[in-house]
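Below is one structure; the comments refer to it alone.
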Amino acid sequence: MATKAVCVLKGDGPVQGTIRFEAKGHTVVVTGSITGLTEGDHGFHVHQFGDNTQGCTSAGPHFNPLSKKHGGPKDEERHVGDLGNVTADKNGVAKVDIVDSLISLSGEHSIIGRTMVVHEKPDDLGRGGNEESTKTGNARNRLACGVIGIAQ
């Protein structure tokens, strides 16, 4: 069973980063840094597939094995892959420090082999009042992505 994973984020533009995952008890600690962003919040999600053959679009929808509506990371009703937002400072750097109890590095909620995506816009956490909000949080375009792999 994997206890650590890593993801290198890359896209067509300047956005890039490295994200690390570590299983700690019943949670996964997600840490790292993303550069090249515009200042403010950006949706941050695990997507269904580890397929980046057509850029980030081939990663599919948010990882959602429980067939729930989109929500925030603290919500009961959420996709497994819904990790909310990362916030970039005025220099375009987002420091990631998330503890999540729904994603896993093993079992049916395993994110290993799936794609991590950082989005153009803020995730409205399913509270946007339209159908797209309940699917994607209106986070819009995928700026950078990478497949999550087992790490030492």
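Yeah, the Cβs are placed from backbone N, Cα and C, and that goes for glycine too.
For the Zn(2+) site that Swiss-Prot gives as His62, His79, Asp82, the extra residue drawn from His42, His70 is His70. Disulfide connectivity taken from Swiss-Prot links Cys145 to one of Cys7, Cys56, namely Cys56.
Under the DSSP three-state reduction, Lys135 (N6-acetyllysine) is assigned to helix. Long-range contacts of the region 'Disordered' (55-77) within the same chain: residues 11-12, 45-49, 83-84, 98, 100, 102, 108-109, 111, 114-115, 117, 123, 125-127, 133-137, 142-145, each at least 6 residues beyond the stretch ends and with a Cβ under 8 Å from a Cβ of the stretch. Looking only at Cα atoms, His45 (Cu cation binding site) sits nearest to Cys145 among the recorded positions Cys7, Ser106, Cys145. Counted with DSSP, the region 'Disordered' (55-77) comes out as 3 helix, 3 strand, 17 coil. Close to the recorded Zn(2+) site, the chain also has His45, Phe63, Asn64, Lys68, Lys69, Gly71, Arg78, Val80, Gly81, Gly126, Lys135, Thr136, Gly137: residues not among His62, His70, His79, Asp82 whose Cβ is within 8 Å of the site's Cβ mean position.
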